[in-house]
């Protein structure tokens, strides 16, 4: 670096090309590093969706490939009028809303606790992140066999000590059982996002409010919550995107039985077990439409955070 | 005692109480994992008791069983497949994402924010809707039960995350530094090797770890697109969904062994975890 500082002016002159490359060429040179990733994404993620859309207009059972024919919107009609499928839409909504809300509230509580200084804060943070770092299938197996098992699961084992009942958790409250395991895994995620939000607060402003005699509760309601609003939205939306798509927990804990089949599980089942390609595709397109609604809001939130950071930088 | 001193001690007392509450909740959240670890070292008989046997003798039988000592299927092929799929897709992701992030942060293309949001939007479409055409394509192309198909799919799954993360890391490099080097006659390879790489290396490492985690965890595609040959570790775990007599210690050992790489990668990337999971929106 020291040697180069001696000739700062000479260098660009010698590098000035005799024939200036056209602006178009330069634009392509700038674009070139982007293209492999962009083309890869378009081919691998966009084309299959187009194919799904096309297949959704066909009556196509893969066991009877010769009987394949165009049916227009029949699959959609069938999907929207099928009681099981409508049930699975409802299940997906219930599952997503319950898990997102519960893990947001718990995550907020934990983030507020972790935002304070106390002995061993780093260790507690690590303990809290751990559930998020268990492979989802393994976590689901853990809840199904090791915690929920009515005979030798930990929950009933602990209840045994206090002389409590010995419920069959999964059979009695199947959806709640799936939700609890997901809340356990997703609370750390919410906590991390909200903790980042808390730590980006303007501490001078809070000090000023405190000097002016504001109580902790007033500071929380009037300063902290408004600041956290977008982090709460971001957590809720990203959480929704991931949990709407959840397959692992439903597949592992209840195998979609007892009214816990959500849309991803139903799509999986209708083509993997029932071989109904057309129906599966129509259900898939409906999942996409549902996701686009969430995604539109999510993108808006992300882009507002993004712009704020760009202007702050 | 003056009133201010009283107030300070009361505040301190409440602070200690909240610290204790944080500890209790932390332990409560960790308890299932601790119990899983303890159970994995118990014999099958001790693992399946009610009330639970906390102080039973420790043994490695659960692990021996998991690794196929009792005549069960060996998990090694699945572990190797998962390693290949995760490592290869992560490398491919970095290879594609780094130049893209460069064109979105340092030497920006026009409408670079639109491109960034295109990448992000692909992450928001549910994978399950693409499952069927990918399955049909794989079947016709003879790619079913082939680990390299998963490598490609996992690359597409993680590329948006990596582009966003790396973009935000590279954007932190002061433009003035790069301009100065350019004025000093440094060419692109030199700028990349001497300035960009050293500054962004921790970020690249965190990106890689997060991509690794997502690939290692993936179940749906692996379950549908692989069979006996290319089976991954999560698919291997689905073999434990139905109870098989006394097998808790084995399940716990299996779950723990298969989660270890994720736990290790996650704790290593702890500081950047939020940034990766929120696709770079939160720092």
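Quick reminder: no glycine exception, Cβ is built from N, Cα and C everywhere.
Checking TrEMBL for transmembrane segment across the ranges B:51-74, B:147-170 points to B:147-170. The transmembrane segment (B:116-135) and the transmembrane segment (B:221-240) are in contact, since at least 3 Cβ pairs between them lie under 8 Å (pairs 6 or more apart in sequence). As a quick check, the transmembrane segment (B:191-215) and the transmembrane segment (B:20-38) miss the bar of 3 or more Cβ pairs under 8 A, pairs 6 or more apart, so the two do not touch.
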